[in-house]
Amino acid sequence: MALKIYNTETRQKETFTPIQPNKVGLYVCGVTVYDYCHVGHARVMVVFDTVVRHLRSLGYDVTYVRNITDIDDKIIQRALENKESIQSLTSRFIDAMHEDEKALNVLRPDMEPKATEYMDEIETMISTLIEKDFAYPAENGDVYFHVKADDDYGRLSGKNIEELDSGSRVEINSVKKDPLDFVLWKASKENEPAWQSPWGDGRPGWHIECSAMSTKCLGNHFDIHGGGLDLSFPHHENEIAQSECATGEHYVNSWMHCGFVRIDDEKMSKSLGNFFTIREVLKQYHPEVIRYFLLASHYRSPVNYSEENLDVAKASVGRLYSALELVPADQAEPAESKLEAEFMAAMNDDFNTPQAMAVLFELAKEVNKQKSPGLAALLKKLANQIGLLEQTAESFFKSQPSDSDLTDEMIEALIVERAEARKAKDFSRSDEIRDELLAQGIELLDSAEGTSWRKI
């Protein structure tokens, strides 16, 4: 089955055909680095990491670009509040972002352009838009894109100019020609960073940054552009307008958007203050559990964040690892099975990870039934393609976050003491040790080979 991707612009699934045979250019809007990443950011990271993994499994040579917004009103404000330099603030949170995504087994993008490193490209694009009468300098030193000069504006969101006009606020004494116009260049203010330009010192607007970076890294016309659903309008709509008016070429073939992570029916966001950072959640749940939770819903659907749903994810990942616990996955080549074709068909159907995971559970059931190392190897291989089952079962079960103060050595010592108690027929002490460990979230598993343990 050929790969099909739901294109936000056409509102339908389309068979994916790359612009250049066997090559894919993918650009994703990344994080504005003024705070720690939250679970909403994690979803975008994990979803597009999974998209890239699948494209590569199909044999495509993928160039994955995910930008970093390192200059922005929020960044400036946070740096002032913290009494630290913008460079210090953004460097700190870029490092934190990389730590978080590494924990979630998210592979680093091939390119990670920062807005502040692309000022020449931004200036060139703005100059081109002014020359072509799609943009104009205002009397206050700002530069604006003139929305009504672009006859095609609104095609991604399905909004037409009349609708936008009726919903726009009348601005008194505005320097804009029209309330719909958006900023490309902001004139500098006191105590704000600024770059020189033909229109005076200032800094770029958010939308133009992505147009300049994406076209510089991938060319004027590339295959896939992704991001969160909240970016489809106005950010991505404005990107299309700027890019196509500047270059005269079609900008992007396929637009992909992730649904929101929600808490109590509200989008998780820093501005609403209802967010959980990735590192907060990592204190409670194993990274693979968080990754599984984010992939258990189709990427276009909303995800409801709750401990109950994360607990379900924890149990589900545990079931998959349990299938590998007694059947070695590293001692055989992956077996042939129709389930592999079913897994690939699910992923080729607009990256349907819930259906692909259902196939993994079917495969786990067969591993448990047949005790086949070949099927275990296949389970691990397919799960790895979506970034799961990367550890050994023993390592997974022993590395769950826990409130217990017991070290591995202390647990092993208690297991030895329990074995001696059982040998001496002191079953009271044996049960006491088992219960003691269970109370600390440690489960003992007795078998013919001896006693093993796991965190629960």
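Including glycine, each Cβ sits where the backbone N, Cα and C put it.
Given the ranges 20-30, 31-41, 141-151, 207-217, the record in Swiss-Prot names 31-41 as motif ''HIGH' region'.
Annotated by Swiss-Prot as motif ''KMSKS' region', the relevant range among 262-266, 267-271, 402-406, 432-436 is 267-271.
On the 0 to 100 pLDDT scale, the model's mean across the motif ''KMSKS' region' (267-271) is 72.
Cβ neighbours within 10 Å of GLU239 (Zn(2+) binding site), excluding its own Cβ and spanning all shown chains: 28. The C-beta environment of CYS29 (Zn(2+) binding site), restricted to residues of the same chain at least 6 apart in sequence and closer than 8 Å, consists of VAL44, ARG66, ASN67, CYS210, GLY226, GLY227, GLY228, LEU231, HIS235, HIS236. The Zn(2+) site is set by CYS29, CYS210, HIS235, GLU239; from the centre of their CB atoms, other residues of the chain with a CB within 8 Å are TRP206, HIS207, GLU209, SER211, SER214, HIS225, GLY227, LEU231, HIS236, ASN238.
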